[in-house]
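Working notes for the structure below.
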Amino acid sequence: MSLSVLKQRYIALMLFFIDYKVLILCFTILVTVISGSILIEKTIFNGVGFTSVGIFNSLLPSLILFLLSIVSYRVIMGVYFFRTIYIIFLLSSFLACISLYSKYEKVTSEIQKIHSFTGKNVWVTGVVTSRESSNTFLFDSGKGGLGSSLIRFAKYTDLHAGQRCKLSVKVVQPSSFSEFDYKRYLFRKGIYSILDVLEYECKNGGSKLLEIRYSLERVVERAIPEPESSLLIGIMFGSKRVFTDGFNEALRNTGVSHVIAASGYNVALVANGIDVILRRINGRFVNILKIFGILLFSIFSGFSASLIRASTMSSIYFFALFIGRYCNKFSSLLLCITLLMLFNPFLIYDIGFLFSFLSTTGLIFLPSCFEKLIRSKFVKESVLPSVISILFTVPVSILFFGKVSVISVISNILIIPIISGSIFWGLGATLLNFIFPSLKLLFLIPYVQLLIFKYFVQISSNIDMVELSINPYIFGIFIYLSIFIFCLIKYPISSSNYYISRVRYINDRKYC
């Protein structure tokens, strides 16, 4: 491909962005919110006040993006879009600042409330939302209580998600370890206190959906042994499960612990299931039922980061179909991410959320680029999606962990197809076994798949890992810039494409 054709495609992309101004708005909001969330964390967590330098630094990235946009359109296209981009910059900055200020007010008020109770014995009432370890649970006492907290028992306690508890607790603030900033980790998850339980009284019925989930989890636990049952429960419902220390270490070493969570594939199965059940009903009303079903499943599964992204994006897509509008996949993804970041700016620190966003972006664009390069159907459907997901998420993995393991990359490519199959067969077996308890044989397929997964993880974790230590910023820029240029060259675009035709028209006018 010649440079002139490459330039033509790039200009067509710029024309597309100026037509879909909401995309530029979303990009600018994201840049502002990300830099602003870093400032808020430093201000609250480190106990320093806002400074004019800090505020300017948080706005600097969006200002640079603003100037680059103006220069790009002026130099490459000879078009002066200052007024349009200036309005977008002001609007995005306004929306981002409102979001950041409301987050700052909410966090500071919650922390002040926690400080007033620190070191005291109090009674709190709330709902257990998940098990974090053998004696630690995530507990929600609501706005009238202490918000989201970790409750800690002196020994193993047999509680489950969905139970309503009345607790006598001592309120303590989280502390960090020598090698891990645990306090900051909890801060980013919206947890500002640990409650050491002195007395407790729990009963079922705190959350009907979580109780139903627990009943389904019990179906799996009675059908197959550990750790396969916990693996299946994790990937189907997003429940956090407790594994042995050895198996936990193996999951971390192979870099596949992130797959044990509900994801976009689960959401797709919910939508397809509603299609099957209501196949005789035509019309746009079915899309509203899909949105409702996805929302119920998300609440049911505990709103994990990847599930939030998938649920929001799917809901935007089905709502567009309901009102009779075409929905571009990337536009809906970017709008979804922007809305979520406005709602919770600290999502930028959630590696599961970032992995979900980046891998979905890759799966939207890259497969089309390989349409003519790869002929094998198996490679396209099974191998290529895994490779693309790894390629897009490796830079973020290096940014968070400082290194990348070759074994981790290979493990993810081989394991993801197994996990996808386990979700499909596992959900089917669980629902049927819930109705007909004698049909435990239905779990044979997911059990065998997860048995393979378990042995693969254990064997891979014993291999001496080749770890590469790379500058995450340079590596990330190189990877994403290379992908962008590759997509610009290989993405299939018809010569009659509207934006390509507009570029040719602009060029013809220049030479007339």
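Backbone N, Cα and C define each Cβ position, glycine as well.
Annotated in TrEMBL:
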- 12-38: transmembrane segment (TRANSMEM)
- 44-68: transmembrane segment (TRANSMEM)
- 61-197: domain 'DUF4131' (DOMAIN)
- 80-101: transmembrane segment (TRANSMEM)
- 236-488: domain 'ComEC/Rec2-related protein' (DOMAIN)
- 288-308: transmembrane segment (TRANSMEM)
- 315-340: transmembrane segment (TRANSMEM)
- 346-370: transmembrane segment (TRANSMEM)
- 382-401: transmembrane segment (TRANSMEM)
- 413-434: transmembrane segment (TRANSMEM)
- 441-461: transmembrane segment (TRANSMEM)
- 473-493: transmembrane segment (TRANSMEM)
> By Cβ distance under 8 Å, which residues at least 6 away from the ends of the transmembrane segment (12-38) in the same chain are close to it?
Replying inline: 57-62, 65-66, 69, 72-73, 76-77, 81, 84-85, 88-89, 91-93, 95-97, 99-100, 103, 328, 331, 334-335, 337-338, 341-342, 345-346, 348-349, 488, 493, 497, 499-500, 502-503
>> Looking only at the domain 'DUF4131' (61-197), how are its residues distributed among DSSP helix, strand and coil?
In response: 60 helix, 34 strand, 43 coil
>> Within the same chain, where does the transmembrane segment (382-401) have neighbours whose Cβ lies under 8 angstroms from its own Cβ atoms, ignoring anything closer than 6 residues to its ends? I mean 6 or more beyond.
In response: 255, 351, 354-355, 358-359, 361-363, 366-367, 370, 374, 408-409, 412-414, 416-417, 470, 472-473, 475-476, 479-480, 483
>> Six or more residues beyond either end and a Cβ under 8 Å away: which residues meet both conditions relative to the transmembrane segment (473-493)?
In response: 1, 6, 9-10, 12-13, 362, 365-366, 368-373, 391-392, 394-396, 398-399, 500
> Is the transmembrane segment (413-434) packed against any residues at least 6 beyond its ends, judged by a Cβ distance under 8 Å, and which are they?
Replying inline: 215-216, 219-220, 223, 231-232, 235-236, 256, 259, 265-266, 269, 382-383, 385-387, 389-390, 440, 442-443, 445-446, 449-450, 452-453, 456-457
> Under an 8 Å Cβ to Cβ limit, what residues of the same chain, 6 or more beyond the ends of the transmembrane segment (44-68), are close to it?
Replying inline: 27-28, 31-32, 34-36, 38, 85-86, 89, 92-93, 96, 104, 107-108, 111, 184, 187
>> How about long-range neighbours of the transmembrane segment (80-101): same chain, 6 or more residues beyond its ends, C-beta under 8 Å?
In response: 18, 21, 24-25, 28-29, 32-33, 36-37, 39-40, 59, 62-63, 66, 69-70, 73-74, 341-343, 345
